[in-house]
Amino acid sequence: MSGRDNRGAGGGGGGHQPLSSAMGKLKEKLTRAGDDQGYHRVESNLSTSNTATSLDTILPEDPFLFPQAAPQRHPLPRPQQQQQQQRQQLRLLEDEPPLSFRPLLEDDDINEPPTQPFQQQQQRTPLRASGSLELTPLPPPPTSQEIREHRDRQQRSVPVPVEDLQRSKQSLKGSRVSFEKNNASSKPPAQAESSDEDSFEDKRIGFQQQKATSVDHKGILKDLKHILANDNRRQFQAKKHVSLDVKGTRFLQDLLKESSSEEEFHKTRREFQGRKHQSLDPRVTFKLDKVLQGSSTDSDEEGDDPEHKRLIHRPKDITKPLIIDLKDLESESDEDFHTSRQHFQQQRSISTDSRKSRRPYEMDEMGNKRGENIRHAVPFVRQITEDGKPKLEVYRPTTNPIYIWTQVLAALSVSLGSLVVGFVSAYTSPALVSMTNRNMTSFEVTPQAASWVGGIMPLAGLAGGIAGGPFIEYLGRRNTILATAIPFIVSSLLIACAVNVAMVLAGRFLAGFCVGIASLSLPVYLGETVQPEVRGTLGLLPTAFGNIGILLCFVAGTYMDWSMLAFLGAALPVPFLILMFLIPETPRWFVSRGREEKARKALSWLRGKEADVEPELKGLMRSQADADRQATQNKMMELLKRNNLKPLSISLGLMFFQQLSGINAVIFYTVSIFKDAGSTIDGNLCTIIVGIVNFMATFIATLLIDRAGRKILLYVSNIAMIITLFVLGGFFYCKSHGQDVSQLGWLPLSCFVIYILGFSLGFGPIPWLMMGEILPSKIRGSAASVATAFNWSCTFVVTKTFQDMIDFMGAHGAFWLFGSICFIGLFFVILYVPETQGKTLEDIERKMMGRVRRMSSVANMKPLAFNM
């Protein structure tokens, strides 16, 4: 028998009492002993078949401070032995020190036994009373020296067997355990009378250690029941990791269900821990896709297999479900993983104070002085939204100097292409005058043939606009532009050397096809190469050079016949061709084709050799990944969806009223119109004046469009065109009916100047501008291609039928028809066209469609591929 049992036996001197007396006083003494000496009461509602259950799972908080021996199992006492055992229990109750119990908590590991104490564990015999009460005496607390030695031994992790503890845990399933707090149990009576200071300090330490067991009994009981409900507590501890970040890791439930074995579960959990960093800050990590791609060696070989992808669904996240290729996130070694994790932490630090930046600054494509200063001062953060909830996309601040000369060279090269386009478009206006003169040509050009010479170019432009989309996608922006230079030269030479109308028509068709391709590829190249800080200034160059080309054609046509004018047109693409060889392909196209190194070289050329292009390159890669995820196979079916039809219809309506205002008919036939009007001013001089007005009006519109608003300028443009067209119609009506209009020779020129000025202020640039503003981002590229093709179709109809309309209804009828269409267009603008001045793209789309999508950048606009 242990020393504890000897003390109990020596302390009880009551002798043998009758059985009835002992049984009668059992309950009273048990209650008094528990109240006076601080016992904890443990009740059990176990069934009779489980009466051998012990309470060994209720352990002391520290196995050294409260040493206990392995539980001893005894069957139920036979009736003839109960009297003697009850007497012994009564003697022990009077002499034993108070008890203390602690339940098995969640942090305890039953497979990792407590450390062996410095002294031999004492044997303990559980005290039983009426088969439902078990009490264990509490030994005296250790001294400070013993505690220090014990903690040193714990660090060496010397295990002891705990097989009985495991069996006891299993036996407590379904049991009900309650605790009663009694602070008196914290101090044994034998130790309370000591006056020695060291003994008092030891007792105080022991009291503090025991006190922890009485904290929040309800919570302890709840945790105890939760632990007892698990067959494998180690597995419970492993699965507990998934609750560390419930919002970001709820998707792991599906992975845990798929685990058929514990080994598979641990493997899945290790993979999850390696990727768990992505859920730390969902506002940023959805943009950090493929952060660990560099540490994977299998991703390139296995490709984008859908079986290796998982859908991360965050119910309370601000992002849409995001597809991440898990193989791109795998890491071959811990070193690679830690390197990637450090990179992630550096990027994540940008959003640590997002609450103070709920209204970050956004710089639109044209830019402004205030936005430029802000971007130089603080990190440029663009706020974009998805389904009405804010989301942040982080860009680095522009700290590198802007190398203007390289970007000016790129913009100048592209703008020379616009000059060629403007010259080709205006060619028929001065050329048809000399071409229809039998004294200046070797072949006859009938009025019907002349209408085809002017109208075939827009028809070919329609075909070129459709073909330009796949060309810039697969050949590249720069290569596509280069491919148009040689056909421009060939087309002009065909016209210059023509011996019949067929050669002229062939040259015009080839030139029109190149115009359609260039009208789509030139602005795309410029938008993808120029920095936002100078995009507003350099973005004006193509429009200005296009008007210069028109003016040059009008001026040269005054002194040259149609053949010499065509030779001049053949010479213009030569400098354009040479300069295009000096500039690189756009970095964004290289990224879209997976050529990262070439994209880096192109950025270095455009931004400067000493510029840090890595942040911008990574931003391009993230934008391309976004565009690829949003891309759909059938673009045309997407256009026909109900939510997309309204903005597309408005864009097509603006294009329709732009061309049906008769602008191209006026430009193409300016000289003929002034000649028929009998103006006292030379027709060629009038044409030059119209070209100058068109050139100057472009700069006026640039100053007013962001101040007066889109709709105001459209109103002014419509009213100006309506008045001038009806006045011109009245002038030609009076002239055709024999009235004397010689005193009004100045009127046609005045009307043409006002008409061109009004058109250039509103219906000239605004339909193209609003096409990029009101079209939804998801269909912006394909819808823009459709709108461009529709614009060229209307141009062809107007230019081809203008001469027929004059022959059928007279010049006055044609101008009145155009004026009536402009009048209808005024009501179209009032009723259907929204005002977009000062509004973000998200606000515009919310108004148009009733919801918000994340706005893609201009470079994400993909041309229509016509995947029917």
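Each position is counted from 1, following the chain as shown.
Any Cβ shown, glycine's included, is placed from N, Cα and C.
From a predicted model like this one, the values you see are computed outputs, not experimental measurements.
As given in Swiss-Prot:
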COMPBIAS  25-43  compositional bias 'Basic and acidic residues'
COMPBIAS  44-57  compositional bias 'Low complexity'
COMPBIAS  79-91  compositional bias 'Low complexity'
COMPBIAS  117-126  compositional bias 'Low complexity'
COMPBIAS  146-155  compositional bias 'Basic and acidic residues'
COMPBIAS  257-290  compositional bias 'Basic and acidic residues'
COMPBIAS  342-352  compositional bias 'Polar residues'
COMPBIAS  353-367  compositional bias 'Basic and acidic residues'
CARBOHYD  Asn439  N-linked glycosylation site
MOD_RES   Ser259  phosphoserine
MOD_RES   Ser260  phosphoserine
MOD_RES   Ser261  phosphoserine
MOD_RES   Ser331  phosphoserine
MOD_RES   Ser333  phosphoserine
MOD_RES   Ser856  phosphoserine
MOD_RES   Ser857  phosphoserine
REGION    1-213  region 'Disordered'
REGION    257-314  region 'Disordered'
REGION    335-367  region 'Disordered'
TOPO_DOM  1-403  topological domain 'Cytoplasmic'
TOPO_DOM  473-484  topological domain 'Cytoplasmic'
TOPO_DOM  530-535  topological domain 'Cytoplasmic'
TOPO_DOM  585-653  topological domain 'Cytoplasmic'
TOPO_DOM  706-711  topological domain 'Cytoplasmic'
TOPO_DOM  773-778  topological domain 'Cytoplasmic'
TOPO_DOM  834-868  topological domain 'Cytoplasmic'
TRANSMEM  404-424  transmembrane segment
TRANSMEM  452-472  transmembrane segment
TRANSMEM  485-505  transmembrane segment
TRANSMEM  509-529  transmembrane segment
TRANSMEM  536-556  transmembrane segment
TRANSMEM  564-584  transmembrane segment
TRANSMEM  654-674  transmembrane segment
TRANSMEM  685-705  transmembrane segment
TRANSMEM  712-732  transmembrane segment
TRANSMEM  752-772  transmembrane segment
TRANSMEM  779-799  transmembrane segment
TRANSMEM  813-833  transmembrane segment
Please work out the helix, strand and coil residue numbers for the topological domain 'Cytoplasmic' (706-711) from the DSSP assignment.
2 helix, 0 strand, 4 coil
Looking only at the topological domain 'Cytoplasmic' (585-653), how are its residues distributed among DSSP helix, strand and coil?
52 helix, 0 strand, 17 coil
Out of 509-529, 564-584, 685-705, 712-732, 813-833, which stretch has the largest tally of CB pairs under 8 angstroms to the transmembrane segment (779-799)?
509-529
Helix, strand or coil at Asn439 (N-linked glycosylation site) [DSSP, three-state]:
coil
By a Cβ-Cβ criterion of under 8 Å, what residues six or more beyond either terminus of the transmembrane segment (564-584) are in contact with it?
409-410, 412-413, 416-417, 419-420, 423-424, 427, 430-431, 478, 481-482, 485-486, 488-489, 492-493, 495-496, 507, 529, 549, 553, 556-557, 601-602, 605-606
So which of 509-529, 536-556, 813-833 is most in touch with the transmembrane segment (685-705), counting Cβ pairs under 8 Å?
536-556
Top stretch among 485-505, 509-529, 536-556, 712-732, 813-833 for CB pairs under 8 A with the transmembrane segment (452-472)?
509-529
Confidence summary (mean pLDDT) of the topological domain 'Cytoplasmic' (530-535):
67
For the transmembrane segment (509-529), could you work out the same-chain residues 6 or more beyond its ends whose Cβ comes under 8 Å from its Cβ atoms?
365, 407, 410-411, 414, 417-418, 420-421, 424-425, 427, 456-469, 471-472, 477-478, 480-481, 483-484, 487-488, 490-492, 494-495, 535, 538-539, 542, 583, 586-589, 606, 785, 788, 792, 858-859, 861, 863
Are there residues at least 6 beyond the ends of the topological domain 'Cytoplasmic' (706-711) whose Cβ is under 8 Å from a Cβ of it, and what are they?
366, 766, 769-770, 829, 833, 835-837
